[in-house]
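The structure under discussion appears below in the form of structure tokens.
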Amino acid sequence: MAPAATAAAPRLLRAAMLLLLLVAAGRRAAGAPVVNELRCQCLQTLQGIHLKNIQSVKVTTPGPHCDQTEVIASLKTGQEVCLNPTAPMVKKIIDKMLNKASAN
């Protein structure tokens with residue numbers, strides 16, 4: 001090899017290793033959860049809905065993703081709606097659904 005080629009080899013190797021590390025770091029970051037996915041699901045809530053339309057209810061307690069309690073009702077039509085957890089009608093719906101689940 002020529003002296004110039006021998007001197008350039010370590011630089012080329014260093015550049016290739018750096019590129020490999022950057023690609024590996026980029027792929028790892030692509031699989032990490034995005035911060036904006038960790039947010040409240042309910043932007044608007046309903047004060048209530050008729051119990052006969054509800055198939056199931058999911059209550060999400062406050063946590064790092066959202067600082068408020070969320071009540072999400074799955075309707076028999078397949079639609080999901082957010083309910084106001086402090087509304088009296090919603091509290092009754094949750095109680096009835098819990099009693100129904102404990103009876104089964």
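In case you wondered, yes, glycine gets a Cβ from its N, Cα and C as well.
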Per Swiss-Prot, the disulfide partner of CYS82, chosen from CYS40, CYS42: CYS42
Close in space, distant in sequence - CYS42 (disulfide bond), Cβ under 8 Å, 6 or more apart: GLU70, VAL71, ILE72, CYS82
Assigned conformation of CYS42 (disulfide bond) - DSSP reduced to three states: coil
Cβ packing number for CYS40 (disulfide bond), 10 Å threshold: 13
